[in-house]
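Straight from Swiss-Prot, the features:
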MOTIF     10-20  motif ''HIGH' region'
MOTIF     237-241  motif ''KMSKS' region'
BINDING   Lys240  ATP binding site
Amino acid sequence: MSKLRVRFAPSPTGYLHIGGARTALFNFLLARKEQGTFVLRIEDTDVARSTQESVDAILQAMDWLGMSCDEGPIYQSDRFDLYRAKIDQLVEQGKAYRCYCTAEELEKKREAAMQDGRKPKYDGTCRQLQEVCDDKPYVIRFKAPQEGATTFHDRIKGDITFQNEELDDLIIQRTDGTPTYNFVVVVDDAEMGINLVLRGDDHINNTPRQIMLYKALGYPVPDFAHVPMILGADKSRLSKRHGATSVMAYKEMGYLPEALVNYLVRLGWSHGDQEIFTQDELTQLFSLDNIGKSASVFNPEKLIWLNSHYIKTGNPGRLAQLLAGHLAADGIDVANIADLEPIVVALQDRSKTLVDMAQQARCFFADDIQFDEKAAAKFLIEDNRFVFEALSAALESCDDWKEDILDGVFKGVLEATGLKFGKLAQPARVALVGGTTGPSICLIMQILGREKTLARLQGAMSRLGQ
(Lines of atoms letter the chains of each structure in order from A; the text may use other names.)
(Lines give C-alpha, C1' and ligand atoms only; values in the text may rest on other atoms or scores of the structure.)
Protein backbone atom coordinates (compact mmCIF):
# COMPACT_ATOMS: atom_id res chain seq x y z
CA MET A 1 0.00 0.00 0.00
CA SER A 2 1.41 3.40 -0.99
CA LYS A 3 2.22 6.01 1.61
CA LEU A 4 -0.61 8.45 2.31
CA ARG A 5 -0.33 11.81 0.57
CA VAL A 6 -2.95 14.46 1.30
CA ARG A 7 -3.17 18.16 0.59
CA PHE A 8 -4.76 21.39 1.70
CA ALA A 9 -5.36 23.72 -1.24
CA PRO A 10 -6.75 27.15 -0.25
CA SER A 11 -7.40 30.01 -2.66
CA PRO A 12 -5.57 33.20 -1.57
CA THR A 13 -8.54 35.51 -2.05
CA GLY A 14 -9.17 36.15 1.65
CA TYR A 15 -8.36 34.89 5.11
CA LEU A 16 -8.37 31.29 6.32
CA HIS A 17 -11.90 30.69 7.55
CA ILE A 18 -13.30 28.17 10.00
CA GLY A 19 -14.41 25.65 7.38
CA GLY A 20 -11.07 25.73 5.59
CA ALA A 21 -9.18 25.41 8.87
CA ARG A 22 -11.14 22.29 9.80
CA THR A 23 -10.43 20.73 6.39
CA ALA A 24 -6.74 21.51 6.81
CA LEU A 25 -6.73 20.01 10.32
CA PHE A 26 -8.41 16.80 9.15
CA ASN A 27 -5.77 16.38 6.42
CA PHE A 28 -2.92 17.32 8.75
CA LEU A 29 -3.98 14.93 11.53
CA LEU A 30 -4.52 12.04 9.14
CA ALA A 31 -1.07 12.56 7.61
CA ARG A 32 0.56 12.67 11.05
CA LYS A 33 -1.30 9.57 12.26
CA GLU A 34 -0.34 7.49 9.23
CA GLN A 35 3.19 8.94 8.84
CA GLY A 36 2.05 10.35 5.53
CA THR A 37 2.78 13.60 3.71
CA PHE A 38 0.82 16.83 4.13
CA VAL A 39 1.13 19.08 1.08
CA LEU A 40 0.16 22.77 1.00
CA ARG A 41 -0.87 24.06 -2.41
CA ILE A 42 -1.88 27.66 -3.05
CA GLU A 43 -4.58 27.74 -5.75
CA ASP A 44 -3.87 31.18 -7.18
CA THR A 45 -4.89 30.73 -10.81
CA ASP A 46 -7.39 33.58 -10.34
CA VAL A 47 -4.65 36.18 -10.66
CA ALA A 48 -7.01 39.15 -10.40
CA ARG A 49 -8.35 38.12 -6.97
CA SER A 50 -5.31 36.38 -5.47
CA THR A 51 -3.09 38.45 -3.19
CA GLN A 52 0.16 37.91 -1.31
CA GLU A 53 -1.56 39.39 1.74
CA SER A 54 -4.04 36.51 1.69
CA VAL A 55 -1.25 33.96 1.26
CA ASP A 56 0.56 35.41 4.28
CA ALA A 57 -2.66 35.39 6.31
CA ILE A 58 -3.32 31.72 5.48
CA LEU A 59 0.24 30.72 6.41
CA GLN A 60 0.04 32.73 9.63
CA ALA A 61 -3.24 31.09 10.62
CA MET A 62 -1.92 27.59 9.91
CA ASP A 63 1.20 28.30 11.93
CA TRP A 64 -0.90 29.61 14.85
CA LEU A 65 -2.98 26.41 14.79
CA GLY A 66 0.19 24.32 14.84
CA MET A 67 -0.02 22.94 11.30
CA SER A 68 3.23 22.56 9.40
CA CYS A 69 3.31 21.23 5.86
CA ASP A 70 5.76 18.59 4.67
CA GLU A 71 5.82 20.00 1.14
CA GLY A 72 4.97 23.46 -0.07
CA PRO A 73 3.60 25.97 -0.33
CA ILE A 74 3.36 25.13 -4.02
CA TYR A 75 1.82 27.85 -6.19
CA GLN A 76 -0.41 26.99 -9.13
CA SER A 77 0.59 30.25 -10.82
CA ASP A 78 4.07 28.73 -11.28
CA ARG A 79 2.66 25.75 -13.16
CA PHE A 80 0.79 27.25 -16.13
CA ASP A 81 3.15 25.62 -18.66
CA LEU A 82 2.24 22.20 -17.27
CA TYR A 83 -1.49 22.92 -17.49
CA ARG A 84 -1.22 24.18 -21.08
CA ALA A 85 0.70 21.07 -22.09
CA LYS A 86 -1.98 18.83 -20.60
CA ILE A 87 -4.77 20.78 -22.31
CA ASP A 88 -2.93 20.53 -25.63
CA GLN A 89 -2.60 16.78 -25.02
CA LEU A 90 -6.37 16.39 -24.63
CA VAL A 91 -7.08 18.47 -27.74
CA GLU A 92 -4.59 16.47 -29.83
CA GLN A 93 -6.16 13.21 -28.63
CA GLY A 94 -9.65 14.41 -29.53
CA LYS A 95 -10.70 14.47 -25.88
CA ALA A 96 -11.20 18.24 -25.80
CA TYR A 97 -12.27 20.84 -28.34
CA ARG A 98 -12.58 24.54 -29.05
CA CYS A 99 -15.97 26.07 -28.34
CA TYR A 100 -16.76 29.36 -30.08
CA CYS A 101 -20.23 29.86 -28.57
CA THR A 102 -20.64 33.37 -27.19
CA ALA A 103 -22.00 34.22 -23.76
CA GLU A 104 -25.20 35.47 -25.42
CA GLU A 105 -25.66 32.23 -27.34
CA LEU A 106 -25.06 30.14 -24.23
CA GLU A 107 -27.61 32.20 -22.30
CA LYS A 108 -30.23 31.60 -25.01
CA LYS A 109 -29.52 27.86 -24.86
CA ARG A 110 -29.89 27.94 -21.08
CA GLU A 111 -33.20 29.80 -21.26
CA ALA A 112 -34.55 27.41 -23.90
CA ALA A 113 -33.64 24.40 -21.78
CA MET A 114 -35.37 25.93 -18.77
CA GLN A 115 -38.52 26.62 -20.81
CA ASP A 116 -38.56 23.00 -22.02
CA GLY A 117 -38.14 21.71 -18.47
CA ARG A 118 -34.66 20.37 -19.22
CA LYS A 119 -31.60 20.70 -16.98
CA PRO A 120 -29.44 23.53 -18.39
CA LYS A 121 -26.26 22.09 -19.89
CA TYR A 122 -24.12 22.76 -22.92
CA ASP A 123 -25.74 21.16 -25.96
CA GLY A 124 -22.51 20.24 -27.74
CA THR A 125 -22.86 22.69 -30.64
CA CYS A 126 -19.09 22.83 -31.18
CA ARG A 127 -18.37 19.24 -30.09
CA GLN A 128 -17.95 17.86 -33.62
CA LEU A 129 -16.86 21.11 -35.27
CA GLN A 130 -13.94 20.52 -37.65
CA GLU A 131 -13.14 24.12 -38.61
CA VAL A 132 -10.60 26.11 -36.61
CA CYS A 133 -11.12 29.88 -36.44
CA ASP A 134 -8.08 31.54 -34.91
CA ASP A 135 -9.60 35.01 -35.18
CA LYS A 136 -12.59 34.17 -32.95
CA PRO A 137 -12.43 33.94 -29.15
CA TYR A 138 -12.96 30.45 -27.81
CA VAL A 139 -12.87 28.32 -24.71
CA ILE A 140 -11.69 24.73 -24.61
CA ARG A 141 -14.17 22.14 -23.40
CA PHE A 142 -13.52 18.60 -22.22
CA LYS A 143 -15.41 16.03 -24.30
CA ALA A 144 -17.21 14.22 -21.47
CA PRO A 145 -18.65 10.71 -21.93
CA GLN A 146 -22.37 11.03 -22.69
CA GLU A 147 -23.48 7.53 -21.78
CA GLY A 148 -23.23 5.34 -18.71
CA ALA A 149 -22.55 6.49 -15.16
CA THR A 150 -19.64 7.61 -13.00
CA THR A 151 -19.52 5.98 -9.58
CA PHE A 152 -17.01 6.51 -6.81
CA HIS A 153 -16.71 5.32 -3.23
CA ASP A 154 -16.64 8.23 -0.83
CA ARG A 155 -14.78 7.17 2.32
CA ILE A 156 -17.21 9.18 4.45
CA LYS A 157 -20.50 9.06 2.57
CA GLY A 158 -20.27 5.70 0.79
CA ASP A 159 -20.95 4.97 -2.89
CA ILE A 160 -22.12 7.92 -5.00
CA THR A 161 -23.28 7.66 -8.62
CA PHE A 162 -23.81 10.33 -11.28
CA GLN A 163 -25.42 9.67 -14.65
CA ASN A 164 -23.05 10.92 -17.33
CA GLU A 165 -25.89 12.35 -19.40
CA GLU A 166 -26.46 14.85 -16.58
CA LEU A 167 -22.91 16.23 -16.94
CA ASP A 168 -22.02 18.65 -19.71
CA ASP A 169 -18.74 19.31 -21.48
CA LEU A 170 -16.71 21.12 -18.85
CA ILE A 171 -14.76 24.25 -19.78
CA ILE A 172 -11.09 23.55 -19.00
CA GLN A 173 -9.59 26.72 -20.53
CA ARG A 174 -11.10 30.21 -20.57
CA THR A 175 -11.03 32.63 -23.49
CA ASP A 176 -8.01 34.39 -21.96
CA GLY A 177 -6.04 31.14 -22.03
CA THR A 178 -6.12 30.47 -18.29
CA PRO A 179 -7.07 26.96 -17.12
CA THR A 180 -10.10 26.40 -14.90
CA TYR A 181 -10.26 25.07 -11.35
CA ASN A 182 -11.61 21.60 -12.11
CA PHE A 183 -8.83 20.97 -14.61
CA VAL A 184 -5.82 22.25 -12.69
CA VAL A 185 -6.85 20.53 -9.46
CA VAL A 186 -6.81 17.17 -11.26
CA VAL A 187 -3.42 17.80 -12.85
CA ASP A 188 -1.93 18.99 -9.58
CA ASP A 189 -3.32 16.21 -7.40
CA ALA A 190 -2.09 13.62 -9.89
CA GLU A 191 1.34 15.16 -10.48
CA MET A 192 1.85 15.61 -6.72
CA GLY A 193 0.88 12.02 -6.00
CA ILE A 194 -2.12 12.89 -3.85
CA ASN A 195 -3.89 9.59 -3.19
CA LEU A 196 -6.64 10.84 -0.87
CA VAL A 197 -8.61 13.99 -1.63
CA LEU A 198 -10.20 15.01 1.68
CA ARG A 199 -12.32 18.16 1.31
CA GLY A 200 -15.72 19.75 1.98
CA ASP A 201 -18.82 18.13 0.54
CA ASP A 202 -19.58 21.24 -1.50
CA HIS A 203 -17.11 19.64 -3.95
CA ILE A 204 -19.08 16.42 -4.44
CA ASN A 205 -20.63 17.63 -7.71
CA ASN A 206 -17.14 18.36 -9.05
CA THR A 207 -15.96 14.82 -8.35
CA PRO A 208 -17.46 12.93 -11.34
CA ARG A 209 -16.13 15.58 -13.74
CA GLN A 210 -12.70 15.32 -12.14
CA ILE A 211 -12.75 11.51 -12.30
CA MET A 212 -13.44 11.77 -16.04
CA LEU A 213 -10.44 14.08 -16.39
CA TYR A 214 -8.16 11.74 -14.40
CA LYS A 215 -9.06 8.90 -16.76
CA ALA A 216 -8.75 11.01 -19.91
CA LEU A 217 -5.28 12.17 -18.86
CA GLY A 218 -4.19 8.64 -17.96
CA TYR A 219 -3.82 9.39 -14.26
CA PRO A 220 -4.75 7.00 -11.43
CA VAL A 221 -7.95 8.10 -9.66
CA PRO A 222 -7.37 8.92 -5.96
CA ASP A 223 -9.66 8.10 -3.07
CA PHE A 224 -12.20 10.77 -2.13
CA ALA A 225 -13.64 11.74 1.24
CA HIS A 226 -16.10 14.62 1.54
CA VAL A 227 -16.61 16.27 4.92
CA PRO A 228 -20.10 17.64 5.70
CA MET A 229 -20.51 21.40 5.90
CA ILE A 230 -20.47 23.58 9.01
CA LEU A 231 -23.76 25.38 9.62
CA GLY A 232 -24.76 28.33 11.76
CA ALA A 233 -27.28 28.05 14.58
CA ASP A 234 -30.09 28.75 12.08
CA LYS A 235 -28.94 25.71 10.03
CA SER A 236 -27.79 27.87 7.11
CA ARG A 237 -24.22 27.76 5.82
CA LEU A 238 -21.78 29.34 8.29
CA SER A 239 -21.09 32.96 7.37
CA LYS A 240 -20.03 36.28 8.88
CA ARG A 241 -23.52 36.91 10.18
CA HIS A 242 -23.07 33.96 12.55
CA GLY A 243 -19.98 35.61 14.06
CA ALA A 244 -16.31 35.62 13.19
CA THR A 245 -15.29 33.13 10.51
CA SER A 246 -11.61 34.11 10.14
CA VAL A 247 -9.21 31.98 12.19
CA MET A 248 -7.04 34.95 13.19
CA ALA A 249 -10.10 36.85 14.38
CA TYR A 250 -10.37 34.24 17.12
CA LYS A 251 -6.77 34.89 18.11
CA GLU A 252 -7.56 38.60 18.38
CA MET A 253 -10.61 37.78 20.51
CA GLY A 254 -8.40 35.95 22.99
CA TYR A 255 -8.94 32.31 22.08
CA LEU A 256 -6.11 29.82 22.51
CA PRO A 257 -5.08 27.82 19.42
CA GLU A 258 -5.42 24.50 21.24
CA ALA A 259 -9.03 25.36 22.12
CA LEU A 260 -9.91 26.20 18.51
CA VAL A 261 -8.14 23.08 17.22
CA ASN A 262 -9.94 20.88 19.75
CA TYR A 263 -13.28 22.47 18.87
CA LEU A 264 -12.88 22.31 15.09
CA VAL A 265 -11.77 18.68 15.05
CA ARG A 266 -14.72 17.72 17.26
CA LEU A 267 -17.00 19.58 14.86
CA GLY A 268 -17.95 16.57 12.78
CA TRP A 269 -15.58 13.97 14.29
CA SER A 270 -15.98 12.10 17.55
CA HIS A 271 -14.30 9.55 19.78
CA GLY A 272 -16.99 8.27 22.10
CA ASP A 273 -18.14 10.97 24.50
CA GLN A 274 -14.68 12.50 24.95
CA GLU A 275 -14.73 16.28 24.51
CA ILE A 276 -11.21 17.40 25.41
CA PHE A 277 -8.18 16.13 23.50
CA THR A 278 -4.48 16.91 23.62
CA GLN A 279 -2.65 17.32 20.31
CA ASP A 280 -1.07 13.88 20.78
CA GLU A 281 -4.48 12.30 21.41
CA LEU A 282 -5.92 13.88 18.27
CA THR A 283 -3.00 12.57 16.23
CA GLN A 284 -3.37 9.05 17.65
CA LEU A 285 -7.17 8.80 17.53
CA PHE A 286 -8.27 10.71 14.44
CA SER A 287 -9.70 8.64 11.58
CA LEU A 288 -12.19 9.01 8.75
CA ASP A 289 -14.32 6.26 10.30
CA ASN A 290 -15.62 8.57 13.01
CA ILE A 291 -16.51 11.55 10.83
CA GLY A 292 -20.28 12.01 10.72
CA LYS A 293 -22.25 12.09 7.49
CA SER A 294 -24.47 15.05 8.44
CA ALA A 295 -23.62 18.73 8.78
CA SER A 296 -22.32 20.15 12.07
CA VAL A 297 -23.69 23.23 13.80
CA PHE A 298 -21.21 25.84 15.01
CA ASN A 299 -21.82 26.51 18.71
CA PRO A 300 -19.94 29.58 20.05
CA GLU A 301 -20.82 28.69 23.65
CA LYS A 302 -19.11 25.31 23.30
CA LEU A 303 -15.99 27.00 21.97
CA ILE A 304 -15.98 29.44 24.90
CA TRP A 305 -16.36 26.52 27.32
CA LEU A 306 -13.36 24.78 25.78
CA ASN A 307 -11.33 27.98 25.80
CA SER A 308 -12.13 28.52 29.48
CA HIS A 309 -10.87 25.01 30.19
CA TYR A 310 -7.59 25.57 28.38
CA ILE A 311 -7.05 28.90 30.13
CA LYS A 312 -7.84 27.36 33.51
CA THR A 313 -5.39 24.49 32.96
CA GLY A 314 -2.78 26.41 30.97
CA ASN A 315 0.83 27.12 31.92
CA PRO A 316 0.90 30.52 33.68
CA GLY A 317 4.21 31.48 32.08
CA ARG A 318 2.91 30.88 28.56
CA LEU A 319 -0.40 32.60 29.32
CA ALA A 320 1.51 35.57 30.72
CA GLN A 321 3.36 35.93 27.40
CA LEU A 322 0.06 35.85 25.51
CA LEU A 323 -1.67 38.18 27.97
CA ALA A 324 1.10 40.75 27.54
CA GLY A 325 0.19 41.05 23.86
CA HIS A 326 -3.46 41.75 24.64
CA LEU A 327 -2.51 44.28 27.31
CA ALA A 328 -0.16 46.00 24.86
CA ALA A 329 -3.05 46.26 22.38
CA ASP A 330 -4.93 47.99 25.18
CA GLY A 331 -2.10 50.49 25.74
CA ILE A 332 -0.52 48.73 28.73
CA ASP A 333 3.14 47.78 28.32
CA VAL A 334 4.43 45.20 30.77
CA ALA A 335 8.16 45.63 31.38
CA ASN A 336 8.66 42.26 33.09
CA ILE A 337 6.53 39.35 31.87
CA ALA A 338 7.25 37.46 35.09
CA ASP A 339 5.22 40.10 36.93
CA LEU A 340 2.16 38.91 35.01
CA GLU A 341 2.32 35.32 36.22
CA PRO A 342 0.68 35.90 39.63
CA ILE A 343 -2.03 37.92 37.87
CA VAL A 344 -2.61 35.06 35.44
CA VAL A 345 -2.86 32.58 38.33
CA ALA A 346 -5.33 34.87 40.08
CA LEU A 347 -7.52 35.22 36.97
CA GLN A 348 -7.28 31.79 35.29
CA ASP A 349 -10.43 30.43 36.91
CA ARG A 350 -12.33 33.61 36.13
CA SER A 351 -11.44 34.19 32.46
CA LYS A 352 -13.18 32.89 29.36
CA THR A 353 -10.75 34.47 26.90
CA LEU A 354 -7.43 36.29 27.05
CA VAL A 355 -9.27 39.51 26.19
CA ASP A 356 -11.49 38.85 29.19
CA MET A 357 -8.38 38.28 31.32
CA ALA A 358 -6.76 41.46 30.00
CA GLN A 359 -9.83 43.51 30.90
CA GLN A 360 -9.75 42.11 34.43
CA ALA A 361 -6.00 42.68 34.68
CA ARG A 362 -6.19 46.36 33.73
CA CYS A 363 -6.92 47.35 37.30
CA PHE A 364 -3.50 46.10 38.43
CA PHE A 365 -1.69 48.51 36.10
CA ALA A 366 -3.91 51.57 35.70
CA ASP A 367 -2.91 54.73 37.53
CA ASP A 368 -6.52 55.85 37.75
CA ILE A 369 -9.08 53.25 38.73
CA GLN A 370 -12.27 53.10 36.71
CA PHE A 371 -14.91 52.64 39.39
CA ASP A 372 -18.14 50.78 38.77
CA GLU A 373 -20.69 53.51 39.49
CA LYS A 374 -23.14 51.31 41.40
CA ALA A 375 -20.38 49.70 43.46
CA ALA A 376 -18.83 53.08 44.29
CA ALA A 377 -22.21 54.54 45.28
CA LYS A 378 -22.87 51.59 47.59
CA PHE A 379 -19.49 51.12 49.27
CA LEU A 380 -17.49 54.35 48.93
CA ILE A 381 -19.62 56.15 51.51
CA GLU A 382 -18.83 58.16 54.62
CA ASP A 383 -20.18 55.40 56.86
CA ASN A 384 -17.32 53.19 55.68
CA ARG A 385 -14.52 55.65 56.52
CA PHE A 386 -13.64 53.76 59.67
CA VAL A 387 -13.37 50.57 57.58
CA PHE A 388 -10.71 52.06 55.34
CA GLU A 389 -8.91 53.71 58.24
CA ALA A 390 -8.75 50.48 60.23
CA LEU A 391 -7.50 48.45 57.26
CA SER A 392 -4.97 51.09 56.22
CA ALA A 393 -3.56 51.36 59.74
CA ALA A 394 -3.15 47.60 60.01
CA LEU A 395 -1.50 47.35 56.62
CA GLU A 396 0.87 50.23 57.37
CA SER A 397 2.51 48.08 60.02
CA CYS A 398 2.80 45.02 57.76
CA ASP A 399 6.29 44.52 56.33
CA ASP A 400 5.96 41.00 54.88
CA TRP A 401 3.67 41.54 51.89
CA LYS A 402 2.57 37.97 51.13
CA GLU A 403 -0.95 36.66 50.72
CA ASP A 404 -0.94 34.44 53.81
CA ILE A 405 0.50 37.23 55.97
CA LEU A 406 -2.00 39.73 54.56
CA ASP A 407 -4.76 37.24 55.30
CA GLY A 408 -3.72 37.30 58.94
CA VAL A 409 -3.75 41.11 58.96
CA PHE A 410 -7.20 41.13 57.36
CA LYS A 411 -8.59 38.71 59.95
CA GLY A 412 -7.09 40.87 62.68
CA VAL A 413 -9.02 43.89 61.39
CA LEU A 414 -12.23 41.84 61.31
CA GLU A 415 -11.71 40.80 64.91
CA ALA A 416 -10.79 44.31 66.07
CA THR A 417 -13.76 46.00 64.38
CA GLY A 418 -16.33 43.25 64.81
CA LEU A 419 -17.18 43.51 61.13
CA LYS A 420 -18.38 40.56 59.09
CA PHE A 421 -16.17 39.57 56.18
CA GLY A 422 -18.27 41.15 53.42
CA LYS A 423 -18.54 44.47 55.27
CA LEU A 424 -14.76 44.80 55.12
CA ALA A 425 -13.89 42.91 51.94
CA GLN A 426 -16.37 44.53 49.56
CA PRO A 427 -15.50 48.18 50.33
CA ALA A 428 -11.81 47.25 50.18
CA ARG A 429 -12.25 45.44 46.85
CA VAL A 430 -14.02 48.45 45.31
CA ALA A 431 -11.25 50.71 46.59
CA LEU A 432 -8.51 48.51 45.16
CA VAL A 433 -9.89 47.35 41.79
CA GLY A 434 -12.99 49.48 41.20
CA GLY A 435 -15.65 46.76 41.47
CA THR A 436 -17.05 43.97 43.61
CA THR A 437 -15.73 40.99 41.64
CA GLY A 438 -12.26 39.56 41.34
CA PRO A 439 -9.77 37.27 43.08
CA SER A 440 -9.43 37.06 46.85
CA ILE A 441 -8.88 40.43 48.47
CA CYS A 442 -5.54 39.41 50.00
CA LEU A 443 -4.28 38.10 46.65
CA ILE A 444 -5.27 41.42 45.09
CA MET A 445 -3.24 43.27 47.72
CA GLN A 446 -0.22 41.00 47.20
CA ILE A 447 -0.30 41.58 43.44
CA LEU A 448 -0.74 45.34 43.77
CA GLY A 449 2.09 45.58 46.29
CA ARG A 450 2.32 47.62 49.47
CA GLU A 451 2.72 51.08 47.98
CA LYS A 452 -0.10 50.81 45.44
CA THR A 453 -2.48 49.15 47.92
CA LEU A 454 -2.07 51.88 50.51
CA ALA A 455 -2.29 54.60 47.87
CA ARG A 456 -5.56 53.20 46.52
CA LEU A 457 -7.09 52.93 49.98
CA GLN A 458 -6.11 56.54 50.60
CA GLY A 459 -7.54 57.56 47.23
CA ALA A 460 -10.81 55.81 48.04
CA MET A 461 -11.12 57.70 51.31
CA SER A 462 -10.76 60.97 49.43
CA ARG A 463 -13.81 59.98 47.35
CA LEU A 464 -16.07 59.14 50.27
CA GLY A 465 -19.41 60.87 50.06
CA GLN A 466 -18.82 62.17 46.53
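Cβ from N, Cα, C; glycine included.
When Cβ atoms from all protein chains are considered, those within 10 Å of Lys240 (ATP binding site) total 11, not counting its own. Listed by sequence, the residues of this chain that lie at least six past the ends of the motif ''HIGH' region' (10-20) yet keep a Cβ under 8 A from its Cβ atoms are 42-44, 46, 49-52, 54-55, 57-58, 61-62, 200, 229-230, 238, 245-249, 264, 298. In terms of DSSP helix, strand and coil, the motif ''HIGH' region' (10-20) has 3 helix, 1 strand, 7 coil. A Cβ distance under 8 Å defines the sequence-distant neighbours of the motif ''KMSKS' region' (237-241), meaning residues of its chain 6+ beyond its ends; these are 18-19, 229-231, 298. Mean per-residue pLDDT, taken over the motif ''HIGH' region' (10-20), amounts to 94.
Helix, strand and coil residue tallies for the motif ''KMSKS' region' (237-241), in that order: 2 helix, 1 strand, 2 coil [DSSP].
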